[in-house]
Structure formats: C-alpha cells, structure tokens
Amino acid sequence: MGVESVRCPLHFTKMQGAGNDFVVLDLRDGTPPPDAALVAWLADRHFGIGCDQVIAIEPPRGVGVVAAYRIWNADGSAAQQCGNGARCVAAWLVRDGSLADEHFLIDSPVQAHSVRCIGKDEYAVEMGLPVFEPERIPLSGFPNACAEYVLSLQGEVLRCGAVSMGNPHAVVEVDLIDVAPVERIGPLLQQHVAFPESVNVGFVQVIDPGLVRLRVYERGAGETLACGSGACAAAVVLMQRGRVGRDVRVVLPGGTLRVQWPVSGGPVTLSGPARCVFDGVWYG
C-alpha cells in the first residue's frame, strides 16, 4: 500500500504508551501493509498524522495467537520489536472487543508475546529472553559477551553495555540524565562500525536499586518520550552488573514502566500504560 495507491479515506487510531505514540491501522481484512513512503508520510507531525511508529494489526500467524502486528519507524524503516507498541496493540484489541480473555498471545515480527491486562489501561507483556552474545545483537569486534564494552567514538572513549531485546540496544550509564549527551552520542553510536544494523541508544541514571531514569535515542525515530524495549535493555544490563534489583521502575520522559527479570535465562516482563488517544480518518 503506497502513497499513490492508498485507499482514502484511511481509518486509524492514535495510541500512546508512556508518551511513545503510534498510528495504528487495522489490516486484518487483508489490505496490503504500507510501504516506507506512506509510513513516513503518516508519521510526519506537520504534514501527516504524526507518531514515533506506525503499527499494522494483521490476522494471526500462529495457533493460539489472537492477532499479529508489524511496526515501522517514523522514517519508514521496519522495526523488529517495540514493548510500548505491543501494549498498545493489546489495548486496541481489548477496545475492539476482539478478546474473550484477559491473558492472550499476540505475534510481533520476532516472536509471540504473552500479554495480561493488569488494570485499567495497564498491560504486562512478556518480552522474551535478552540476548547478550555479541554476534546475535549484532555487535562487531567483540568475540565474547561483556558487562561493558569500550568503544572509540570520535577520539573519545565510551563505555556501554549491549543487548538485544529482539532489536539491538546500547546502554550508557550516566551520572545526570538531564544533561546526558543524547542528541550528540546517540547518532554517533548508531553510525558506529561496531553496530552493523545500527542500534537504539539508552542513557540511564541509577537512582536506587529499584529505580532508574532513562532516555532513549531510537533507530529511525530519534529521541522518544519512552521506549519499552529500551527500558528492558537498560534494566537487564544494570541487573547483570548488580546495579539494580530484579524488579525495577524505569522513569522515562513520558511516564514510568516496570521491568521484571526474576532469573537470568528467563523471560523479561514489561508493564505499563497503553491508551487510545483518538480515532481518525486520513484523507491523504
């Protein structure tokens, strides 16, 4: 479904999870997914609808799954994982009346996610297993997993953690989150040779063992008000280092998320809000 071929009017729902906002399209009738140009047009905050990511809800792909979905960044590039988006898909399905249970499975581009409704506009999503092996993140130039990697960045030495939550993340611990060099370091790390598929860059400040503050510079979107997979990435990297406990609140500019990782080798659970903002019609 391209800009020229899109069937107008196009019905959509605007949703947000902790300020991370989405344009959600219902394509369960078999309508082709949008191409990169249409995604970028829809995501444009001046000439389109405006969002961090576009989500298409599609028919289920597996047994026991209620629906599948795809995600695109604001620049039109495909995304593999999005924790806030998964919760918004769940909230959309609940609002649509498509569910008979408060515990269900939805299919992302990388895996099936178990979702539970835990309160009004609150959902818990099982995000799967964190991956620390460099070749699977992917992270080049390091044969073995480390708690901290040392990179050269335009003459500076940068220390970061790295993990995949279905998409690659670098995690930089800082002393003061409000003055973290997000707009400078974020793009440089995304272009670094160590990250051949680019990377989402999280800047995290530990407040206490149960509370951290986080800002994320996302692939294809820049800094966003919240990033669910980024919250999981920051939390598990800090847990591996012993900096925080196994149940931590992550405060982002758009709201607070909860990340639980009870045991290494087990799945990570992300909990937080997901809300419908409005329904609309796009006329192109």
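The backbone N, Cα and C atoms fix where each Cβ goes, glycine too.
According to Swiss-Prot, N20, Q53, G83, N84, N167, N200, E218, R219, G228, S229 bind substrate; the candidate from N73, N144 that the record adds to this site is N73.
Packing around C82 (active site, proton donor) is summarised by its Cβ count: 30 other Cβ atoms lie within 10 angstroms of its Cβ, all protein chains included. Around the Cβ of C227 (active site, proton acceptor), the number of neighbouring Cβ atoms within 10 Å comes to 34.
Looking only at other Cβ atoms within 10 Å, the busiest spot among the binding-site residues N20, N84, N200, S229 turns out to be N84. When the recorded positions C82, C227, F278 are compared by Cα distance to N200 (substrate binding site), the shortest distance belongs to C227. For F278 (site 'Important for dimerization'), the spatially nearest entry among the recorded positions C82, N84, S229 is N84, judged by CA separation. The recorded positions listed here (N73, C82, R219) include C82 as those with a Cα within 10 A of the Cα of C227 (active site, proton acceptor).
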